[in-house]
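These notes are about the structure you will find just below.
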């Protein structure tokens with residue numbers, strides 16, 4: 001007979017946690033009611049959400065989708081509260097394309113789709129590298145599709161780099177640096193003085209053109225996207241150059257970069273846009289007049305480039321000195337060191353700032369309304385000027401705001417994804 | 001660093017200007033200088049030629065000419081007989097007023113939102129996250145127009161406040177009236193006012209100066225008290241109780257000043273068709289203020305959140321290990337370190353507010369751009385001078401703000417050796 005006291009041979013199954021600590025109840029207790037302050041905050045939040053929902057939901061849900069004027073909307077609603085979404089269904093094409101000829105809508109749509117294709121290899125590294133050639137060609141294709149005119153102009157512009165290369169080949173045996181400089185000069189000279197007349201002559205001999213659309217017909221989100229995307233594409237390289245200039249050993253280059261950056265950052269964008277629309281005629285040779293959209297793009301680009309330069313400078317400053325020294329020790333010259341060692345790391349560090357600048361630039365495209373361009377906000381004013389839609393605010397503002405939100409929020413999500421993807425430290 | 005230093009200095013060839021790193025930077029800088037000088041000369045020559053072709057000269061004489069237009073919101077004396085220069089000053093003060101008020105409120109909103117977004121309360125952190133994302137991703141112009149539309153379209157007209165069964169009522173014990181014409185708030189009044197000093201350009205209220213002077217003295221005394229308390233603490237290890245002295249230092253002089261000046265609030269009252277008395281804020285001003293506050297507040301919230309998150313957990317754990325309570329941990333350990341991360345981006349947010357006040361154009365608030373850069377330019381046809389002066393003014397304001405904030409930044413920065 002075994003005298004030893006009772007000893008349990010097998011483990012007891014663990015008891016279930018108390019109901020108040022697990023599941024939905026536990027989650028609510030932990031996250032919403034863990035203390036007096038938390039309870040107060042929860043009550044306030046619930047009250048705010050309740051107030052907002054009860055005040056706006058009927059208006060949203062009760063909306064009228066088919067009507068031809070605000071008066072008709074109100075008749076359909078018959079005194080009840082409700083939105084008049086009909087203005088969006090009736091005028092969405094205007095908010096999107098401005099006064100672009102409706103029979104030519106396929107051109108901006110095609111340009112937009114091609115833009116997404118051209119962006120793919122830039123945004124996603126998994127896309128085949130050969131697509132980069134298309135991305136490089138896209139500005140000319142997009143320009144031709146949107147503004148129309150002769151096909152010979154983009155073709156002749158493409159010839160520019162060829163001319164430059166020929167000049168470079170001819171001079172290379174004498175001095176390669178001189179060849180590069182003169183090649184670049186040749187490209188610029190070709191574009192400035194030869195491209196225009198040459199494309200006109202070619203057009204006379206072989207007519208090959210689609211209908212031309214003047215800049216004043218551009219508007220809506222199409223205009224915002226044109227200005228925004230061009231500004232984004234141009235401001236990053238310019239910003240990098242300015243940031244390098246600001247950190248340069250050469251006194252004069254540094255002073256010029258600092259002066260430019262601080263001037264642009266100290267002045268509101270509106271002032272620069274007014275300069276573009278009012279003053280540019282003073283600064284250019286008498287009789288010159290160039291496209292208002294181009295002027296705006298230049299100003300927006302310069303503005304964003306100054307901010308970009310500061311963001312990139314932050315990235316450069318965050319890089320440990322050892323990286324510069326290591327690049328020097330490997331015998332890399334300045335540009336190789338920048339391209340292979342410094343910039344890939346500095347740009348990775350500054351991704352959030354760069355994307356924030358992009359988002360700011362895209363939002364700033366709405367300021368063109370003040371110099372008379374018809375961006376979505378300008379179009380909302382002109383829709384309201386129509387007797388049928390006089391007095392309609394919320395629906396238009398909400399629609400425009402929603403579109404901007406989707407684009408900008410998408411950009412910030414992409415930057416988070418990119419940051420995670422490029423993360424190399426193991427923390 | 002400099003390959004090719006073994007080249008003898010004697011045989012200098014022209015190509016060394018490009019290939020020898022000793023000379024290359026000089027060459028590049030020289031080329032840059034020539035290019036910039038040429039561009040500058042080209043611009044100036046074009047401008048001179050264009051001005052000549054238009055029959056205009058370049059002078060700022062228009063600033064002393066009678067302006068001939070009215071400004072509906074002004075801080076200093078101004079009539080349509082005043083000069084364009086004075087109109088510019090009125091606009092400048094309006095810009096500065098809007099910028100200063102927005103900076104203060106945006107900071108308050110931003111700090112609260114930033115801290116609340118880190119709250120453990122799931123609901124409030126999501127709610128604040130929604131606020132931050134929606135304001136950061138929609139253009140400011142749209143917010144300004146939206147809030148302006150709310151003010152003019154959805155607020156009750158003044159006559160809704162009238163009568164026995166009024167449909168609207170004033171807020172905060174009948175002191176604030178929000179109408180579709182604007183917002184009426186109480187105004188400070190002084191029974192025994194000290195009058196004004198005429199600075200030649202504008203009047204400055206002595207009452208205001210007296211309040212500022214008394215407050216500065218209070219602050220100075222309070223700081224002295226703190227320093228002394230710290231000295232005692234360092235010597236004996238026990239910190240003397242100072243809270244009641246601090247309260248006294250602030251309360252007693254201010255109450256004395258209030259009695260001496262006979263300060264009281266003038267409430268807005270419904271008289272006739274509109275409110276009278278109190279300070280009247282136009283819709284344009286109010287919409288700008290609210291929009292700038294909420295918009296920049298969202299950005300500041302992210303800055304504050306980032307600053308607090310940047311302090312490693314070890315810091316707060318170390319503070320708890322030392323026995324500091326959560327409140328003191330925040331004020332003595334986390335915040336001083338977080339401030340160093342927060343302040344530099346805060347500088348650019350304040351600069352952004354100042355520059356964004358120029359969007360007042362959207363709602364017709366009479367800021368610097370609307371007076372000098374708008375009506376004055378249109379009336380005198382001096383685009384060139386007006387725009388240059390406008391940009392220069394904004395540049396000077398920006399430089400002053402960043403100078404002040406950089407000085408503050410240098411003071412709180414970690415002193416590294």
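From the backbone N, Cα and C atoms, a Cβ is placed for every residue, glycine too.
Residues or ranges marked as domain 'ABC transmembrane type-1' by TrEMBL: A:221-415.
Tertiary neighbourhood of the transmembrane segment (A:39-61): same-chain residues 32-33, 81-83, selected by CB-CB distance under 8 Å and a gap of 6+ residues from either end. What TrEMBL records for A:39-61 (among others) is transmembrane segment.
Residues 93, 97, 131-132, 134-135, 138, 141-142, 145-146, 148, 210-211, 213, 222, 225, 229, 414 of the same chain lie 6 or more positions beyond the ends of the transmembrane segment (A:104-124) yet place their CB under 8 Å from a CB of it. The transmembrane segment annotation in TrEMBL covers A:104-124 (among others).
What TrEMBL lists as transmembrane segment is A:131-147 (among others). Within its own chain, the transmembrane segment (A:131-147) has Cβ neighbours under 8 Å at 107-108, 110-111, 114-115, 117-122, 153-154, 157-158, 210, 212-213, 215, 218, 222, 226, 233, counting only residues six or more beyond its boundaries.
If you look up TrEMBL, you'll see A:153-171 (among others) marked as transmembrane segment.
Residues or ranges marked as transmembrane segment in TrEMBL: A:178-198 (among others).
Sequence-distant contacts of the transmembrane segment (A:218-244) (same chain, six or more residues past either end, CB-CB distance under 8 Å): 94-100, 108, 112, 115, 139, 146, 257, 260-261, 293, 296-297, 300-302, 304-313, 316, 338, 343, 347, 354, 357-358, 361-362, 365-366, 368, 373-376, 378-379, 403. Residues or ranges marked as transmembrane segment by TrEMBL: A:218-244 (among others).
Taken from TrEMBL, the feature transmembrane segment covers A:251-280 (among others). If one looks beyond the transmembrane segment (A:251-280) by at least 6 residues along the same chain, the residues whose Cβ comes under 8 Å of a Cβ in the stretch are 242-243, 245, 292, 295-296, 298-300, 302-303, 305-307, 309-310, 364, 367-368, 370-372.
Taking Cβ pairs closer than 8 Å, the transmembrane segment (A:292-312) reaches residues 215-216, 218, 223, 226-227, 230-232, 234-236, 238-240, 242-243, 246, 257, 260-261, 263-265, 269, 272-273, 275-277, 280, 346-347, 350, 353-354, 356-358, 360-361, 364-365, 368, 371, 373 in its own chain, all 6 or more past its ends. The annotation transmembrane segment is assigned in TrEMBL to A:292-312 (among others).
According to TrEMBL, the transmembrane segment annotation covers A:349-372 (among others).
Among the features that TrEMBL reports, transmembrane segment is placed at A:392-411 (among others).
Beyond its flanks by at least six residues, the transmembrane segment (A:349-372) meets 223-224, 227-228, 231-232, 235-236, 239, 269-270, 273-274, 276-277, 292, 296, 300, 303-304, 307-308, 311-312, 314-315, 318-319, 378, 381, 404, 407-408, 411-412, 414-415, 418-419, 422 of its own chain at Cβ-Cβ distances under 8 Å. Residues 137, 140-141, 143-144, 178-180, 182-184, 186-187, 190-191, 194-196, 198-199, 202 of the same chain, all 6+ positions outside the transmembrane segment (A:153-171), place their C-beta atoms under 8 angstroms from a C-beta of that stretch.
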